[in-house]
Structures are given as C-alpha cells and as structure tokens.
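*Asks:* Structure provided below as structure tokens; questions to follow.
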Amino acid sequence: MSFFIKKQLIDTAVNKGDLKRKSKGDDGKGRSRKLKKRMDEEISSDSENESAYPNKQLQEDEDEEEIEETPQEKKLRLAKLYLDQLREDEDKTAEQESFEADLIAERLQEDVLEQKGKLQRMIAKELIAPDPAEIKLLRGHKLSVTCLIISPDEKYIFSASKDCSIIKWEVESGKKVHKIAGGRKGTEKRHVGHTTHILCMAISSDGKYLASGDMNKLIMIWDPMTCNHLYTFKGHKGAISGLAFRRGTYTLYSASHDRSVKVWSVDENAYVETLFGHQDNITGLDCLSRERCVTAGGRDRSIRVWKIAEESQLVFHGHEGSIDCVQLINEEHMVSGGDDGSISIWTVNKKRPVSTVKQAHGSHGNTGLEEPNWVSSVAALLNSDIVASGSHNSSVQLWKCGQGFRSLELLFSVPMAGFVNSLKFSNSGKFLVAGVGQEHRLGRWWRIKEARNGLYIIPLKRKVQEKEVVE
C-alpha cells in the first residue's frame with residue numbers, strides 16, 4: 001500500500017515539473033514575440049522620423065562630427081579664433097588712434113592758421129535765407145538802440161540805447177532779465193548808471209566783466225550776472241565811441257572822439273597807457289587775441305592797426321568818406337563800412353582794400369542827385385567767410401567773402417525798417433542780432449518814423465542741417 005502511494009506522489013511531482021517547464025517555455029516564447037514586435041515598431045518610427053525631419057538628422061550628424069573633434073584640433077581652432085579677435089581689436093584701435101590723430105592734427109592746423117590770421121571756414125554756401133516769421137523782435141528801449149553785445153555762452157544779450165539804459169535779455173525766451181535804468185542829466189553824482197547816450201559796449205571772453213561807454217566821457221564796468229556796478233574809468237576828453245576786451249584777458253581798449261585809444265586793466269581797476277595817431281574822431285574799435293587793436297578814424301578816412309607791444313601802428317586808406325564802423329574777420333583781415341555807402345575788406349599786408357563794394361545798400365535822392373545809403377554797421381563771423389552790413393534802406397545784408405577775401409558776393413537780404421546801428425554774430429554762428437532805431441547812433445540827421453526801436457534776432461539756418469532733419 002505504501003509503495004503505490006509513494007509512486008503516485010512521484011508521478012504527480014514529475015507531472016508538475018513538466019507543467020512548470022512547459023509554462024516556462026511558453027512564457028519565454030511570448031516575451032520574445034513582444035520584444036520583436038516592439039523593436040519593429042521602434043525601427044518603423046525611427047525611419048518615419050528620418051524621412052519627416054532630414055535637417056534634424058543632418059544636425060545630429062554634425063554634432064557627431066563635432067564630438068569627434070580631437071583635443072588638439074580644438075586647441076588649434078580656439079587659438080585661431082583668439083588670433084582673429086586680437087587682429088580685429090588691433091585694427092579697431094589703430095583706426096581709432098588714426099582718427100584721433102587726424103582730429104588733433106586738424107585742430108592744431110586750425111589753431112596755427114587762426115594765429116596767423118589765415119583761417120577761413122567756408123560756411124556761406126550752406127546758409128539759407130531765414131523765414132521772416134522766425135525773426136524775433138525784442139522791444140524795451142524808448143529810444144534808438146545804439147549798441148549790443150552777446151554773452152560768450154550765447155544765453156544773454158545786452159543792449160544799450162539813447163535812453164541811457166542797459167537791458168539784459170534772455171535769448172531763448174526773449175524776455176527781459178534785468179534793466180539798468182538811465183538817469184537824467186545832472187544826476188551823475190547820485191545816479192548809478194549812465195545819464196547820456198551810450199555808444200558802445202564790450203564783454204570779456206569769460207563773461208566776468210561788462211563795459212559800457214557814453215557821451216559823458218565815462219566807461220562803466222558791470223558784473224554781467226547781477227548787473228551790479230563795479231567801478232568807473234575816467235580819463236578820456238571826448239565821448240567814448242568804441243570798446244573791446246582782448247580775448248582771454250581782462251585788458252580793455254577804449255576809443256574816443258578825443259582821437260585817442262586808451263588801454264585799461266579791468267581786473268586791477270587800473271589805467272595802462274594812451275595811444276595817439278588819428279586826426280579826427282574815432283568811430284569804431286575792435287580786437288581779438290593778439291596784443292593789438294584796429295580803429296576807424298571817421299573823417300580822417302583811415303583805418304589803423306595798433307601794435308601795442310611794438311608801440312607802432314599801421315595806417316590804411318581807401319574810403320571816400322567817413323569810416324563809421326570796423327570789425328575784424330580774423331587776425332589778418334577786417335571789414336569796414338562808411339558814409340560813402342561802400343563796404344571794404346582789408347588785409348594787414350596791404351595799405352589798400354583787397355575788395356570793395358560801392359553803394360552796397362543802394363542810394364536815395366532825386367534823379368541826378370542820388371546819394372549812397374550810409375553803411376552804419378558791419379559784423380563778421382570769426383574765422384569764416386561771412387560778413388553782414390546794415391544801413392537805413394530797410395534791410396540787413398549778408399555777404400560771402402571769396403577765396404582769400406578777394407571778393408564780396410551778396411548772399412541775401414533780411415527786411416528790417418530803421419537804422420541798423422549795431423550787428424553781432426553769435427560765436428557759434430547760429431544767429432545774428434541787429435540793434436535798430438529810428439535814428440542813427442551818432443546823430444539826428446533824419447528820422448524813420450515807421451521803424452521800431454529794438455533788437456531783431458535773426459536765425460541762421462544751414463542746408464546741411466536741413467538734410468539731417470529730413471533723414
């Protein structure tokens with residue numbers, strides 16, 4: 001009995017082992033089939049992706065190529081990039097240094113030419129006539145404006161008049177900033193300011209001192225910022241007709257109807273010396289940075305260049321009448337105007353004018369008895385080829401100086417009623433200021449009733465600027 005039971009158990013165990021082996025064999029076949037199926041799907045999907053995105057495959061190939069770069073090749077490539085960068089930086093530096101060197105050389109050359117008086121910036125060809133609507137009129141003086149000056153920073157204008165007052169104007173707004181009122185005759189001792197017609201003004205190149213001269217033989221020094229009176233110079237025996245500061249210094253030159261030129265040291269409140277030579281009333285004076293000044297001698301029909309250090313003078317003749325105004329263009333050239341109606345350009349190397357325009361502002365009077373309109377004021381834009389002139393023919397005229405200042409050509413006229421008694425260009429050349437009155441600054445020969453006593457600010461536009469705005 002036990003024998004049969006044991007055998008049955010063994011058989012059962014054997015059958016179970018077979019079943020286990022079968023189940024294991026079946027499971028292996030199933031898994032292999034699933035793996036094969038999955039691999040087929042992956043292969044098919046990869047092939048689809050390759051056909052759909054060929055660029056991606058190319059990118060992967062390139063990445064593989066980059067990965068395949070050896071360390072030595074990488075070092076070589078980086079070294080080449082570094083050298084290229086250095087070369088590029090060197091080229092930029094050399095270019096910048098060359099540009100800066102050219103700028104410095106150009107500036108030095110301009111300085112040398114300016115000192116020699118041969119610098120001439122060609123600006124006239126760029127100028128265009130201003131629109132009359134853009135011209136500002138500043139009114140505040142009761143009588144004719146006789147003189148004006150522009151501050152070095154071009155923010156303010158100082159004007160003086162036959163009403164004995166000085167007004168400080170703001171250029172941008174056109175408003176009055178301050179007024180130094182004039183006094184009546186006989187109040188000189190108690191009144192701080194002028195009591196007679198003011199004929200001339202000057203301002204130092206740093207804007208520290210303002211000087212004004214009147215018909216009472218007095219030169220008054222003011223603080224331009226506060227308009228406070230500092231001190232008064234006395235010594236001339238006639239009306240003060242011209243004032244100018246030497247650029248970069250506080251040396252003041254004054255001209256008078258007593259036919260003399262005096263030199264003053266303003267910061268030291270001191271008189272220096274007197275120069276004689278003219279045979280008639282001096283009507284105008286100007287100077288730049290050299291230790292010399294130029295004067296117009298009125299009825300003696302001469303222009304004189306005073307060499308202060310050498311204690312000598314150069315005498316020039318050319319006008320047929322009284323020379324009423326003179327202005328330096330640069331250290332070697334000047335422009336003048338007179339009651340003969342002519343405008344002349346001079347060089348210190350010649351005793352006669354190198355260029356003259358007769359009847360520059362036309363003439364007036366009956367047929368056969370015409371007389372030229374007096375040139376009452378001239379101005380020059382420093383170291384350029386532009387000059388301006390004023391008369392009483394209802395216009396201010398701008399002129400172009402030819403090469404070497406050998407000719408004068410009219411650019412355009414700006415309508416303006418009245419006597420143009422003073423003209424000044426701003427240092428930058430952005431605007432021109434005209435002082436206008438009903439009467440001539442030196443007398444009352446006749447009166448233009450329709451004229452307005454005041455200042456006209458004339459903007460000077462250039463063609464180049466217009467093109468830049470359009471772009």
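Note that Cβ sites are derived from N, Cα and C of the backbone, with glycine treated the same way.
What TrEMBL says about a protein is an automatic prediction, not a curated fact.
Feature list, courtesy of TrEMBL:
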- 15-72: region 'Disordered' (REGION)
- 17-30: compositional bias 'Basic and acidic residues' (COMPBIAS)
- 60-70: compositional bias 'Acidic residues' (COMPBIAS)
- 138-179: repeat 'WD' (REPEAT)
- 191-223: repeat 'WD' (REPEAT)
- 233-274: repeat 'WD' (REPEAT)
- 275-316: repeat 'WD' (REPEAT)
- 316-356: repeat 'WD' (REPEAT)
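So that I understand the layout, could you describe where these features sit and how close they are to other parts?
*Replies:* Sequence-distant neighbours of the repeat 'WD' (138-179) (same chain, 6+ residues past either end, Cβ-Cβ under 8 Å): 193-203, 205-207, 210, 212, 214, 222, 224, 227, 418-419, 421-422, 424, 426-428, 430-431, 433, 435-441, 452-457.
Residues 146-153, 158, 160-162, 164-166, 180-185, 229-234, 236-245, 247-250, 252, 254, 256, 264, 266-267, 285, 441-442 of the same chain lie 6 or more positions beyond the ends of the repeat 'WD' (191-223) yet place their CB under 8 Å from a CB of it.
Away from its own ends, the repeat 'WD' (233-274) comes close to residues 199-205, 208-209, 211-221, 280-291, 293, 295, 306, 308 of its chain (Cβ-Cβ under 8 Å, at least six residues beyond either end).
Counted with DSSP, the repeat 'WD' (275-316) comes out as 0 helix, 22 strand, 20 coil.
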*Asks:* With DSSP, how much of the repeat 'WD' (138-179) is helix, how much strand and how much coil, in residues?
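*Replies:* Counting residues per DSSP class in the repeat 'WD' (138-179), I get 0 helix, 22 strand, 20 coil.
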*Asks:* Run through the repeat 'WD' (191-223) and tell me, per DSSP, how many residues are helix, strand and coil.
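*Replies:* Secondary-structure composition of the repeat 'WD' (191-223): 0 helix, 15 strand, 18 coil.
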